[in-house]
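If you check TrEMBL, you get these features:
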{"type": "TRANSMEM", "residues": "26-50", "note": "transmembrane segment"}
{"type": "TRANSMEM", "residues": "70-86", "note": "transmembrane segment"}
{"type": "TRANSMEM", "residues": "136-154", "note": "transmembrane segment"}
{"type": "TRANSMEM", "residues": "197-220", "note": "transmembrane segment"}
{"type": "TRANSMEM", "residues": "241-264", "note": "transmembrane segment"}
{"type": "TRANSMEM", "residues": "276-294", "note": "transmembrane segment"}
{"type": "TRANSMEM", "residues": "306-324", "note": "transmembrane segment"}
{"type": "TRANSMEM", "residues": "330-348", "note": "transmembrane segment"}
Amino acid sequence: SQYSAVDTNPLSVYIMQPIWNEIIKIVPLWIAPNLLTFSGFVMILVNYFLISFYDWDYTASGTSPGLVPTWVWLFSAFTTFCAYALDSIDGKHARRTQSSSPLGELFDHGLDSWATSIFVLSFFSVCSRDNGKTGVSVYTMYIYLSIVLFNFMCSHWEKYNTGVLFLPWGYDISQVVLIAAYLLTSAVGVEVWQKPFLFGYYITDALVILLIGFSLFLSFPQTLYNIHRAHLKKTLKNDSLYEGLLPLVSPLLLFVLLTVWVVLSPGNILAKQPRLFLWMVGVAFSNVICKVIICQMSSTRPELFHWFLFPLALVVYAAISGLLGWTEEVVLAVFTALVTAAHVHYGVCVGRQLSEHLNIYIFSLKKRVQE
């Protein structure tokens, strides 16, 4: 199917696009677009692990500000900008080199579905977790992450039904806000997040309110409106309501299972291991959404229950029933490692299959020799 995306965000159209159009001129024509996409993703990962090294349990900014060196925040701003730029020019570069392919589209959106959570998890280190005086509670972090992922899911669910990807306004705004937040932190220190800046409210409160406002009052209504408009124009991909709602079943069940674990965990797993748990949430979500993206690209039906829900349901049951006891954290760690490995393996396999099927290399513009 032909890829079509619509971007109506003024920030993107009038400010960012002209910048990308200049940056792309310096990219050599022999570089494969997927290499740009992947480089951006690797930078986000490196940055995430660097911050994790200094701030594993999200307390560095609150209890001992200065634990994370200033250069790390500068590096965060730099990597976030690079990833944002690379993610914005990969498609332009593909058209420039006439190498646009379904593989490139899947590679881009698949990595985005994972990167989305990593951006959020890196940012949590700036505001730190609640220490009684300042910071954000781990439950707020979980809700915050869920809302961002819900937004991502909506735009792809919409594309599944309409065939057109309306790029959410929140994307460009969030990237610019992230870069600004890192620069601000490197300039004045993490203390800026711990002082009320307006009417006793903290900057983090403002950001949370903005995020929820954007999601519930802008992105989600826009999605429903676009689907409704396609319905009126009779351009919907799926006639039945059941078919149209099918891709939402697994992501929503995933959210329900994870929330049950968070709320009913006897060992309070989210408070004990926020970084592990939230990472696992991001990876699991990415895997579920990748399936939806593939179904939407290949016009196939998604399965009702993603395979991953079954082992998760078992682990959640074992945890909340008290079966796991003190091993809950160990089981979470093992489970997180397995899920991450399964997701990487899945990505590699799908990439390989598509590159063989389309007769192209993932990271090179050279043509494959027909066997």
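For all residues, glycine too, the Cβ spot is worked out from N, Cα and C.
Here the transmembrane segment (330-348) does not lie next to the transmembrane segment (197-220) in space: the count of CB pairs under 8 Å, restricted to residues six or more apart, is fewer than 3. Outside the transmembrane segment (197-220), and at least 6 residues removed from its termini, the chain residues within Cβ reach (under 8 Å) are 127, 134-136, 140, 144, 147-148, 150-151, 154-155, 168-170, 173-174, 177.
Taking every listed stretch (70-86, 241-264, 306-324) in turn, the largest tally of C-beta pairs under 8 A with the transmembrane segment (136-154) is reached by 241-264.
Contact check: the transmembrane segment (241-264) against the transmembrane segment (70-86) gives fewer than three Cβ pairs closer than 8 Å, residues 6 or more apart, which falls short of the contact criterion.
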